[in-house]
């Protein structure tokens, strides 16, 4: 009886962290944007899925190819691509959920994994990007003094620590699964009585998962600019290490401004100003859009690999050559076949 009563309460989506039920004030105004979600989320999620699988799948293939020189940068980028690919694999299920009018058909366990995967990907991506930028900065400023910090072994250890911390800190999201509301099975939702806990979780995630990495990136960017202003740049341009460090941090900051900061900002505003019966449709829709942008970071990260990766372009060309060996063979076989034809005619 108690569970049935709680299922009738307004709910808040775990992944969007936004009201997901229908609330009514004195004027009986409908406070839901289910139609907007149904039209927006499926197509956006499927686009992200297509490009994300293409970009990250190819990137992982390139990173795993044997190469004469491997660096810690490639280790961080490989882990980032794996994180993105794991998250992207859940997007078709999310698209199906909203296409069915927020009706979940894939079972309780899969429902619990949805929210968990979103936040594990988001914050592991943030920390992989941050650590990658810091390592690039240290390699530029102290290329020989900090070799132990930028070694491949240290990179794998640091990646393992990031995975463990992010997965452990997000474990509480596995508490909430699917819930039957009449003929509809809801997913990605928490009951309203957990709003205080949700606000606390949001503040912790905002500070530790967004603001701290953002300030770290900003400081690295300013220090790199300071170093470049002191260094005499030759006519050939910046040194390779300087250029790659600057490119890495600039692309990472762009991803932060586009994907992570808008979502964390609007999520915080939405949670702190939300009240039962108070409709804020524009803020609600804006939050939905920023959530999609946060998910789209999985599509933007391959650009970082291409423009700032260590030997990524050379590795990509080498991998593509391996995928098309027939061209090299036909150049050698064709003259032989012509000669054989001439011999048979004689």
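Cβ atoms here come from the backbone N, Cα and C positions, even for glycine.
Annotated in Swiss-Prot:
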{"type": "DISULFID", "residues": "111-187", "note": "disulfide bond"}
{"type": "CARBOHYD", "residues": "20", "note": "N-linked glycosylation site"}
{"type": "CARBOHYD", "residues": "26", "note": "N-linked glycosylation site"}
{"type": "CARBOHYD", "residues": "30", "note": "N-linked glycosylation site"}
{"type": "CARBOHYD", "residues": "181", "note": "N-linked glycosylation site"}
{"type": "TOPO_DOM", "residues": "1-42", "note": "topological domain 'Extracellular'"}
{"type": "TOPO_DOM", "residues": "64-72", "note": "topological domain 'Cytoplasmic'"}
{"type": "TOPO_DOM", "residues": "94-123", "note": "topological domain 'Extracellular'"}
{"type": "TOPO_DOM", "residues": "145-153", "note": "topological domain 'Cytoplasmic'"}
{"type": "TOPO_DOM", "residues": "175-204", "note": "topological domain 'Extracellular'"}
{"type": "TOPO_DOM", "residues": "226-245", "note": "topological domain 'Cytoplasmic'"}
{"type": "TOPO_DOM", "residues": "267-286", "note": "topological domain 'Extracellular'"}
{"type": "TOPO_DOM", "residues": "308-346", "note": "topological domain 'Cytoplasmic'"}
{"type": "TRANSMEM", "residues": "43-63", "note": "transmembrane segment"}
{"type": "TRANSMEM", "residues": "73-93", "note": "transmembrane segment"}
{"type": "TRANSMEM", "residues": "124-144", "note": "transmembrane segment"}
{"type": "TRANSMEM", "residues": "154-174", "note": "transmembrane segment"}
{"type": "TRANSMEM", "residues": "205-225", "note": "transmembrane segment"}
{"type": "TRANSMEM", "residues": "246-266", "note": "transmembrane segment"}
{"type": "TRANSMEM", "residues": "287-307", "note": "transmembrane segment"}
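Feature annotations (Swiss-Prot) mapped to structure.
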residue: 111; record: disulfide bond; Cβ neighbours (10 Å): 25
residue: 181; record: N-linked glycosylation site; Cβ neighbours (10 Å): 16
residue: 187; record: disulfide bond; Cβ neighbours (10 Å): 26
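Taking H, G and I as helix, E and B as strand and the rest as coil, DSSP gives the topological domain 'Extracellular' (94-123) the counts 22 helix, 0 strand, 8 coil. Stretch with the largest number of CB pairs closer than 8 A to the transmembrane segment (246-266), among 43-63, 73-93, 124-144, 205-225, 287-307: 287-307. Separating the Cα atoms of residue 181 (N-linked glycosylation site) and residue 187 (disulfide bond) is a whole-number distance of 10 Å. The largest share of C-beta pairs under 8 angstroms with the transmembrane segment (287-307) comes from 73-93, of the ranges 73-93, 154-174, 205-225. Within the chain carrying the transmembrane segment (73-93), a Cβ under 8 angstroms from the stretch's Cβ atoms is held by residues 45-46, 48-49, 52-53, 56-57, 59-60, 63-64, 106, 110, 113-114, 117-118, 120-121, 124-125, 128-129, 131-132, 135-136, 152, 155-156, 158-159, 162-163, 295, 297-298, 301-302, 304-305, 309-312, all 6 or more beyond its ends.
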